[in-house]
There are 2 protein chains.
Amino acid sequence: MLRRGFLSRINAAQWSRQMSVVAKSLKYTQHGEPQEVLQLVEDKLPDPKDNQVLVKILAAPINPADINTIQGKYPVKPKFPAVGGNECVAEVICVGDKVKGFEAGQHVIPLASGLGTWTTHAVYKEDQLLIVSKKVGLAEAATSTVNPTTAYRMLKDFVQLCPGDTVIQNGANSAVGQAVHQLCRAWGINSVGIVRDRPEIAELKQMLQCLGATEVLTEAEIRTSDIFKSGKLKKPRLAFNCVGGKSATEVSRHLDNGGVLVTYGGMSREPVTVATGPLIFKDIAFRGFWMTRWSKENYSSPERSKMFKEIFELMEQGKFVAPNHEMVPLAKFKDAAAAALSFKGFTGKKYILDMSI
Amino acid sequence: MLRRGFLSRINAAQWSRQMSVVAKSLKYTQHGEPQEVLQLVEDKLPDPKDNQVLVKILAAPINPADINTIQGKYPVKPKFPAVGGNECVAEVICVGDKVKGFEAGQHVIPLASGLGTWTTHAVYKEDQLLIVSKKVGLAEAATSTVNPTTAYRMLKDFVQLCPGDTVIQNGANSAVGQAVHQLCRAWGINSVGIVRDRPEIAELKQMLQCLGATEVLTEAEIRTSDIFKSGKLKKPRLAFNCVGGKSATEVSRHLDNGGVLVTYGGMSREPVTVATGPLIFKDIAFRGFWMTRWSKENYSSPERSKMFKEIFELMEQGKFVAPNHEMVPLAKFKDAAAAALSFKGFTGKKYILDMSI
């Protein structure tokens with residue numbers, strides 16, 4: 001039995017005869033480069049039963065981890081055949097007869113990872129979905145479960161921050177970096193962003209400052225900056241690293257005693273080098289963060305509900321926007337997938353598959 | 001007014017006329033190599049007043065940090081003229097008239113660092129001293145406040161260990177390493193020690209196993225060992241590093257998910273290299289530990305009293321012995337100081353100044 005929401009109940013037989021759904025999905029049956037192993041495949045979807053929910057995907061981003069998963073380079077291994085993608089925003093089409101919390105027309109996002117979101121339609125389980133207000137933009141909702149939550153947890157779970165405290169990060173224009181700036185602005189925390197120098201550095205600085213960055217400095221500028229020594233900003237007790245190598249060392253150098261450097265990415269493919277002195281005498285800690293683990297370990301926790309509530313409130317109020325992005329049609333997935341994993345893709349622009357075009 | 005204990009009270013004037021004390025101290029008035037800047041100097045000591053305690057030093061070790069302090073390479077900077085040394089065991093000679101907790105004849109150790117212990121006699125404040133039972137050996141008491149406490153805190157403060165758990169460490173024959181093995185044995189924890197290969201490796205392994213090491217492996221042996229994969233020992237969640245470089249990386253590689261590598265030294269003078277993957281996907285944390293900070297921050301804490309009580313009980317029971325050491329007369333301090341900082345000195349033998357010879 002299906003329910004199409006409270007306002008438009010029809011039975012499953014009627015409905016399936018009326019509008020049998022064919023999903024177009026980006027599937028792969030072996031690991032490899034996305035451009036080579038992904039195939040656009042059509043499958044007729046079964047009607048949603050029991051606790052299942054049939055959704056139409058509206059938008060689904062291409063994240064670096066999605067590409068790594070397809071390449072077989074990620075710790076999470078899918079079962080083949082697999083549909084690519086982990087994030088999306090979708091609209092509920094109809095629900096199985098045991099579903100209580102959802103109705104047709106609502107917008108939802110996935111609570112679980114590995115659901116395969118690069119598809120026009122999908123059947124998920126009720127407990128894999130979270131309703132999101134339609135006041136939240138499609139790009140924001142589609143990209144809400146990985147980057148903003150990573151920024152949120154890294155700001156909450158390593159050091160107890162107070163308004164007026166400072167956070168420093170490299171790769172400050174990454175999608176997580178942009179989220180960090182916006183959450184810091186909302187919470188009254190100073191955020192200092194480090195970026196690589198580039199021809200369009202002035203525009204980049206302006207963009208990040210618009211998102212709430214207190215200071216944006218190039219890697220050369222931070223080495224000679226006196227923003228902390230002069231007392232203009234409090235020395236940071238929390239730093240985020242998505243680059244590694246010398247960039248990570250430089251960021252950690254500015255940490256106050258007892259500070260923590262949290263690594264969530266390694267764009268340079270160079271390890272983090274940790275001198276003995278800061279470890280022992282400054283009590284600097286080097287930690288890592290992986291959103292996938294946190295989400296699994298806190299799947300139904302009140303802390304997770306609270307986090308989504310806060311993030312969506314900021315999005316509704318226009319205080320938190322999606323990272324720089326480009327909407328691309330599903331048919332152009334090959335170009336987008338190739339670009340998403342490049343250095344430019346990771347720090348410059350997020351590609352979001354738009355299923356409506 | 002002075003008190004010479006409950007049994008032999010004489011007034012200060014009588015006492016000072018009878019036995020005015022001249023201290024022979026190893027002093028320095030500038031930073032440099034210990035052999036060059038240390039001078040054996042005689043000073044007449046004032047009578048202890050108020051809360052002061054006059055002690056005769058019985059034995060005082062030469063620790064690597066003592067040498068670094070004299071060289072000016074340590075974060076703790078002494079005021080000149082300074083007396084070298086931070087640890088000792090001493091005998092109370094007489095006390096000022098406001099002293100309540102001490103009496104002549106008792107053995108004491110310093111609770112504060114930087115007191116200058118390379119001297120035959122000293123006047124300290126009551127709250128800088130802790131009474132230690134005479135059942136504790138002189139070498140054990142003299143070396144109790146730095147290495148055993150470092151091992152104790154590193155085992156207690158980073159990961160919650162249970163009997164049957166495993167700890168792994170490099171530089172396993174360092175003074176702290178020897179303390180780790182003994183505390184692990186007392187607490188039912190498996191301790192795996194990594195050492196550099198050497199001609200007398202068999203004797204070294206035997207010595208460390210006598211102290212309680214569950215397994216002692218060379219750096220080559222641990223790379224191919226299956227003690228964790230085979231399930232013989234649980235994968236460690238706690239590792240200690242006093243070497244750095246490749247040795248630290250190798251040790252961290254054996255940590256279980258969520259494990260912590262604690263660095264307390266850097267003998268190789270190479271930094272710790274931290275790959276991004278283990279930080280993010282295995283949630284491995286890289287921390288540091290400095291006993292001096294902990295002691296300052298916990299100067300009068302119940303946790304500190306509890307720690308000393310446990311360590312001294314083990315020493316009294318013969319379950320915890322001093323690290324490999326050699327007693328040397330004060331007159332031979334130059335040779336001992338030079339040897340103490342060498343690689344061999346750090347991992348092989350601790351030199352303890354014996355003030356009675």
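Just so it is clear, glycine is given a Cβ too, placed from its N, Cα and C backbone atoms.
Taken from Swiss-Prot, the feature active site, proton donor applies to B:Y74, supported by similarity to another entry. According to DSSP, B:Y74 (active site, proton donor) is assigned to coil rather than to any helix or strand. Cβ neighbour count for B:Y74 (active site, proton donor): 17 (other Cβ atoms within 10 Å of its Cβ, all protein chains included).
Taken from Swiss-Prot, the feature NADP(+) binding site covers B:N147, B:173-176, B:196-198, B:264-267, B:289-291, B:349-350, and the record attributes it to similarity to another entry. Sequence-distant contacts of B:N147 (NADP(+) binding site), defined by Cβ-Cβ distance under 8 angstroms and a gap of at least six in the same chain, are B:N63, B:A175, B:V176, B:Q178, B:A179, B:P323.
The domain 'Enoyl reductase (ER)' annotation in Swiss-Prot covers B:36-352 and rests on sequence analysis. Looking just at the domain 'Enoyl reductase (ER)' (B:36-352), the mean pLDDT is 95.
What Swiss-Prot records for B:1-19 is transit peptide, and it gives sequence analysis as the kind of evidence.
A helical conformation is recorded for B:N147 (NADP(+) binding site) in the three-state DSSP classification. Here the C-alpha separation of B:F289 (NADP(+) binding site) and B:Y74 (active site, proton donor) works out to 15 Å. In this structure, the binding-site residues under consideration are B:A175, B:D197, B:G265, B:F289, B:K349, and the one with the smallest number of other Cβ atoms within 10 Å of its Cβ is B:D197. Proximity to chain A, defined as a C-beta distance under 8 Å, is registered for the following binding-site residues out of B:N147, B:A175, B:D197, B:G265, B:F289, B:K349: B:G265, B:F289.
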